[in-house]
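The block underneath contains the structure these notes are about, expressed in structure tokens.
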Amino acid sequence: MANFFSLGGNQEQQHQEISSSQALVPTESNNWFLYRNEHHHHHHNQEIPNTYKGFELWQSGNTPQHQHQHHQQQQQFRHPIYPLQDLYSTDVGLGVGPSRSGFDISAGDHEASRSGFVMMRSGGGGISCQDCGNQAKKDCQHMRCRTCCKSRGFQCQTHVKSTWVPAAKRRERQQQLAALQQQQQGHNNNNNNHKNKRQREDPSASSLVSTRLPSNTNGLEVGKFPSKVRTSAVFQCIQMSSIEDDEDQLAYQAAVSIGGHVFKGILYDQGHESQYNNMVAAGGDTSSGGSAGGVQHHHHNSAAVATATTTSGGDATAAGPSNFLDPSLFPAPLSTFMVAGTQFFPPSRSP
């Protein structure tokens, strides 16, 4: 069933319902009619597509010729062979292109000034782009796709800047970051090595409490020091106690100057002279324990005073120049302790 509803622009706003078989007699040239097509029509075994069904606006003319043209257009859309497929691409098309919702407008070049054709269609979907015919962006106020909208220079909120980076640029950026990290790591390693080297060269920069005395080896060559020396020295008798033994032990400490260098040490009791001579003849160790408890002796420096003669008062006299040193400078071994009133100096470490 096809019905016409008058949408004329006359002052009386007449409403007419005319059957499709009756003649169409408009009152004015500016009248518009709403045509409703509810049936399927076939032409050459072809069915009217769903996009061509719905409401159609028709504008009438003043002469029967216009009526005949409208009747021909009505028959054309009753039995179409997809006539609107290329409507938006023709030079006479005035519409927004094919879309599932919206409206299309087309007018003939011979009557573009007086009559036109408007077709309204219903359905779901979005708006087509006015330039390329693709689906336009939903929120675009220019009714265009993003590419066409940006190419025309329109300021639209749908122009979102893409955060995608090509794979080649990503690899280049990763290589640059890796090279920068390696360079920073190498710079840090060089700084650490330089700092460690400075600490080794400058022992005073160490945070240890005990400082190492610099060792001067100048003049310690064998040619500058004689194998035997006769000199006079003062031997001071001291009483020492061992940590492992409660019994006290007597020892002598002395210091001599040989070749401009000071040699100092403590002489421990090695037992009776006959026993010591037997041990030396037998090849025994002169630093073994004595008769006072078998205490192990350290810093046995008898070479410098091997030729000295010990008296009962603790004084040793020998031929040679008189060179006496303060006995309080003589250190004691770490494994022993001296009686009260005796100063203790730890021995210096040799390199």
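Every residue, even glycine, has its Cβ placed from backbone N, Cα and C.
Within the listed segments 41-75, 286-320, Swiss-Prot records region 'Disordered' for the stretch 286-320.
Of the listed segments 130-133, 226-229, 258-261, Swiss-Prot assigns motif 'Required for homo- and heterodimerization' to 258-261. Taking each of the binding-site residues CYS145, CYS156 in turn and counting other Cβ atoms within 10 Å of its Cβ gives the largest count for CYS145.
Other than the site residues CYS129, CYS145, CYS149, CYS156, same-chain residues with C-beta atoms no more than 8 angstroms from the centre of those residues' C-beta atoms, the Zn(2+) 2 site, are ASP131, ALA136, LYS137, CYS140, HIS142, MET143, ARG144, ARG146, THR147, CYS148, LYS150, PHE154, THR158. CYS149 (Zn(2+) 2 binding site) has a Cβ environment of 23 other Cβ atoms inside 10 Å. On the 0 to 100 pLDDT scale, the DNA-binding region (129-156) averages 87 in this prediction. For the compositional bias 'Low complexity' (175-193), the number of residues in each DSSP class (helix H, G, I; strand E, B; coil) is 19 helix, 0 strand, 0 coil.
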